[in-house]
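**Q** To start, I am sharing the structure in question, which I have written as structure tokens.
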Amino acid sequence: MSAASPASIIQELASAAKQYENNESGAREALIAQSRALIASLEVPSEFIQHTFWSQPALSAIVRLATDVNLFQYLKDAQEEGLNAEALASKTGMDVSLFARLARHLVAMNVITSRNGVFYGTALSNGLAAENYQQSIRFCHDVSRPSFGAFPSFFKGNGYKTPALGTTDGPFQSAHKVDISFPQWLVGNPPYLQYFNSYMSAYRAGKPNWCDNGFYPVADRLLNGFDASVSDVLLVDVGGGRGHDIATFGSQFSPLPGRLVLQDREQVINSIPADESRQFEATTHDIFTTQPVKHARAYYMHSVPHGFGDEDAVKIMANLVPALAKGYSRVLLNEIVVDEERPVMSATNMDLIMLAHMGAKERTEADWRSILTRAGLKVVNIYSYPGVAESLIEAELA
């Protein structure tokens, strides 16, 4: 099937614009996607090459440099008054000529604006001034970008084969000249471990949660039909880290008809600050052992099988099976489900991040169905939200 014509894409843009004005969910994401599609339909190969190999790499490098000299913070602090090249060059420690050349590219790429020799921050650049985004930029430029750059030489050298899961011989190792796994490297490079954690936090920032209105129908699928005589536990967050997701769930649906239980490794649970106001219980659990909480209404996992190979993913899911009450308990997986027909960039981005750094992958719907079937479960439904890479897979006993 041929690509959409510019005229048809413009019609889609107009429709998405009306939805955006009405504050409809997914409209912003649709506008971005259609805008990119319009550019792709209009660009000629020479423009594509310049954009891909000149404009974007230069932008990445300048944005990374900006984190070292606090450029976005200075522009944010200047607010509507802005700052001229001389003032910004002085603040950032650059010579005026160099600053002006770099800043002009930021203007050309719509990151900042300029008028009558004065530079101004934008909503985008002001957002990038936040520390979590500054650290995310450092991780993406210093760690991920070289790993992607190693793709051509690495895959040519290995005969174009997928690296083994958890590899110590992949694009990341090739780019950074190391022979240890990506997680081991992070532990040995504490600043980048912090940058990586900030990146993961920023990756999810501002995106709808699985339990938000319009995503997964919590009231219909969990709250309605809850039976305390079967179990007084409403939700178990398996491998839930320090409790971000389960705390969000509790705050959105308080008062709750049943208990909330967070499970993770001992060192993670012990790192959670004491808080008498929290609505969940925190307990230790190894996901490779049988689930100890029986007959809860739902068992929730957010990106838990995600980092494991298929065999381990099957074991993790199978360990839930003895705890489930047939026809009552639900298994909820908050995971990326890669659409094979119409993949979205947020999903393919993360899939390639996994390939570059760990030899892992994001799974398709067929992949998830296969894993759950092998574990003794069946998919009831897959819920998605417009513009969000992660879906909510609901499963139950087969």
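Backbone N, Cα and C define each Cβ position, glycine as well.
Okay, so Swiss-Prot annotates it like this:
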ACT_SITE  HIS306  active site, proton acceptor
ACT_SITE  GLU335  active site
ACT_SITE  GLU362  active site
BINDING   SER144, TYR199, SER303  4-farnesyl-3,5-dihydroxy-6-methylphthalide binding site
BINDING   ASN197, TYR203, ASP237, GLY239, HIS244, ASP245, ASP264, ARG265, ASP286, ILE287, HIS302  S-adenosyl-L-homocysteine binding site
BINDING   ASP264  S-adenosyl-L-methionine binding site
**Q** At 10 angstroms around each C-beta, which of the recorded positions ASP237, ASP286, GLU335 has the fewest other C-beta atoms nearby?
**A** ASP286
**Q** Sorry to bug you, but what's the C-alpha spacing from ASP237 (S-adenosyl-L-homocysteine binding site) to the residue listed as 'active site, proton acceptor', rounded to the closest Å?
**A** 15
**Q** Among the recorded positions HIS244, HIS302, HIS306, whose Cβ has the fewest other Cβ atoms within 10 Å?
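**A** Checked HIS244, HIS302, HIS306; of these recorded positions, fewest Cβ neighbours within 10 Å: HIS244.
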**Q** Write out the long-range same-chain contacts of GLU362 (active site), meaning residues 6 or more apart in sequence whose Cβ is under 8 Å from its Cβ.
**A** HIS306, GLU335, ILE336, VAL338, ALA347, MET350, ASP351, MET354
**Q** Where does SER303 (4-farnesyl-3,5-dihydroxy-6-methylphthalide binding site) sit by DSSP, helix, strand or coil?
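**A** In the DSSP reduction, SER303 (4-farnesyl-3,5-dihydroxy-6-methylphthalide binding site) maps to coil.
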**Q** Whole-number answer please: how many Å between the C-alpha atoms of ASP237 (S-adenosyl-L-homocysteine binding site) and SER303 (4-farnesyl-3,5-dihydroxy-6-methylphthalide binding site)?
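**A** Answer for this pair: 11 Å between alpha carbons.
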**Q** So, three-state DSSP: helix, strand or coil for GLU335 (active site)?
**A** strand
**Q** Fewest other Cβ atoms within 10 Å: which of the binding-site residues SER144, ASN197, TYR199, ASP264, SER303 wins that one? Let me know.
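**A** Counting other Cβ atoms within 10 Å of each of the binding-site residues SER144, ASN197, TYR199, ASP264, SER303 gives the minimum at ASN197.
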